[in-house]
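**Q** Handing you a structure now.
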Amino acid sequence: MSPTATTSPTAAVVRTEATLFARELGSLFWILLFPTLLLVVIGLVPDFQEPNASLGGQRIIDLYASVVVVLAMIMAAIMAMPPVIAGYRESGVLRRLRTTPMHPAALLGAQIGLHAVAVLASVVLALGTARVVHDVRLPGHLGWYALALLLATASAFSVGAVITAVSSSTRVVQTVGTIVFFPMMFTSGVWMPVQTMEGWLRVTVVSTPLGAASEALNDALQGIRPEVVDLVVMGGWTVALSLVAIRLFRWE
Amino acid sequence: MISISHLRKAHGSKIAVDDVSFEVAEGEVLGVLGPNGAGKTTTVECVAGLRVPDAGTVRVAGLDPLVDRDALTRLLGVQLQESRLQPKITVGEALRLWSALYDDPVPWGGLLERLDLVDKADTTFRDLSGGQQQRLSIALALIGRPRAVILDELSTGLDPRARREVWQIVRDLRADGVTVLLVTHSMEEAQQLCDRIAIIDAGRVRALDTPDALIAGAAAATVTSFTADDAVDLEALRAMPSVSAVRADNGRIVVEGRDGAALAVLEGLRRQNVVPAALRVVDGTLDTAYLQLTGPSTPEESRA
């Protein structure tokens with residue numbers, strides 16, 4: 001029982017939380033598998049396989065390759081993680097850790113990191129499957145794609161962080177999360193890809209973090225540089241929401 | 001080892017701790033006893049560095065819990081009331097995690113044995129019974145070889161056998177020279193384990209002494225009871241200065257009083273020419289001392 005004695009505290013926390021995360025089969029399904037399954041099913045609609053002149057020659061299924069990536073972020077950052085953190089707060093896990101040499105922030109960091117890794121795995125799975133099953137191209141510009149992915153993930157987690165911070169209990173977190181879930185799905189383009197929206201609707205949607213994310217990811221997928229405004233929208237929301245979350249968060 | 005001086009802490013408009021001062025000597029087991037909402041938990045949370053006092057100072061081995069958090073957590077083990085773990089963490093995983101947080105952890109196999117959790121090592125926290133969760137919580141508090149331990153509601157939810165076992169752990173800690181600050185509802189627990197007891201009510205320390213001294217100082221330090229064939233003049237007994245209460249209980253006459261009341265009662269009965277039968281004289285309990293000190297209105301007048 002002693003080989004663990006040499007483990008660093010942070011490594012031990014990450015390993016423990018990873019073990020616990022692996023037991024959350026529901027979360028793993030919605031984050032890792034559901035986006036890919038949705039993409040496969042949507043691609044079965046024949047019309048969605050047709051190149052569309054008004055979309056610059058892209059097919060609807062091409063657009064959905066970015067939408068389901070954002071969907072994975074929503075599942076991880078808004079549906080899966082906030083209840084875990086709120087549960088830790090409510091049941092006193094965070095309080096208890098404050099009486100040990102480990103700062104409970106390590107636990108939050110581990111949770112965010114693990115959910116982010118799950119998002120990344122989901123992205124790889126979705127894009128790989130889309131390439132094989134529906135002939136969707138892989139990201140044309142990997143650098144821009146990585147940057148868009150990073151900013152999009154950060155903005156999604158900052159939304160989740162605010163939900164956790166403003167909610168007093170796990171139940172409230174779940175309610176607020178569900179309320180936020182639907183507009184988030186809409187702005188990411190799950191029901192209607194952002195690129196097919198027009199007029200004021202499109203202007204509104206691309207000024208939200210996940211609307212901008214869908215745009216930027218789709219641009220980078222096609223191999224073109226995302227519009228700076230999309231990157232700024234995501235970065236700006238991330239900074240603003242993170243500050244709000246940090247300010248409002250309570251350890252107990 | 002632990003020193004609290006004029007501690008004050010309010011939650012909003014409610015004053016949880018008004019003015020609490022006491023010292024816990026190195027190696028001492030000090031019990032904090034009091035009704036719900038008396039400020040016990042708030043007091044120990046200030047010691048653990050979980051709350052910022054509004055006024056007053058707290059020191060643990062000379063450390064300020066708020067400033068020297070890192071050093072404090074290495075010498076103070078804390079078992080909190082109603083503190084739970086991750087629902088799906090197993091007992092073994094929790095102990096392994098906690099072991100990794102300290103430089104020189106206790107080998108936790110032995111702790112599992114002492115706390116009778118060996119066959120639960122692979123059980124998740126949420127599947128443990130309340131008593132098992134409590135024992136795991138105690139194990140985690142001890143894993144870092146603390147020099148001082150806070151135990152809040154140590155034996156709540158434990159069955160009598162498990163209670164005896166955790167009491168033995170406290171005795172072992174004491175034998176090892178570990179300082180213990182024990183928050184409890186249970187008079188029996190306080191009387192069994194503590195070198196000294198602080199009785200706290202409404203945010204203030206009402207009494208601080210050894211269990212024996214608290215009992216001896218109470219109005220019911222001894223309880224004398226007997227039966228008698230002849231009529232007894234209860235008013236005459238009640239009028240005696242050392243007697244605090246007289247009642248007839250199921251044919252027995254029960255007289256509560258300070259130390260020495262028993263002799264006065266016998267003398268009084270002799271004067272009434274009553275021969276007491278089935279005479280019993282027993283020590284009072286901490287209960288009476290406690291009730292006297294924490295009653296809604298401190299009943300100093302009950303000796304009419």
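Including glycine, each Cβ sits where the backbone N, Cα and C put it.
Remember, TrEMBL labels are computer predictions, not curated facts.
Quick paste from TrEMBL:
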type	residues	note
DOMAIN	A:26-252	domain 'ABC transmembrane type-2'
TRANSMEM	A:28-48	transmembrane segment
TRANSMEM	A:60-85	transmembrane segment
TRANSMEM	A:105-130	transmembrane segment
TRANSMEM	A:142-166	transmembrane segment
TRANSMEM	A:172-192	transmembrane segment
TRANSMEM	A:228-249	transmembrane segment
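I'd like these features described in context: how deep, what's nearby, how far apart.
**A** Counting residues 6+ beyond its ends, the transmembrane segment (A:60-85) has Cβ neighbours under 8 Å at 24, 27, 30-32, 34-36, 38-39, 42-43, 45, 47-50, 52, 108, 111-112, 115-116, 118-119, 122-123, 126-127, 130, 134, 136-137, 149, 152-153, 156-157, 159-161, 163-164, 167, 170, 173-174, 177, 180-181, 184-185, 188-190, 193-196, 210, 213-214, 217-218, 221-222 in the same chain.
Residues 9-10, 13-14, 17-18, 21, 27-28, 31-33, 35-36, 39-40, 43, 61, 65, 68-69, 72-73, 76-77, 80-81, 84-85, 88, 93-94, 97, 136, 138-139, 149, 153, 157 of the same chain lie 6+ residues outside the transmembrane segment (A:105-130) yet bring a C-beta within less than 8 angstroms of a C-beta in it.
Listed as Cβ neighbours of the transmembrane segment (A:142-166) (distance under 8 Å, sequence separation of 6 or more from its ends, same chain) are residues 69-70, 73-74, 76-78, 81-82, 85-86, 112, 115-116, 119-120, 123, 173, 176-177, 180, 184, 209-210, 212-213, 216-217, 219-221, 224-226, 230-231, 234-235, 237-238, 240-242, 244-250.
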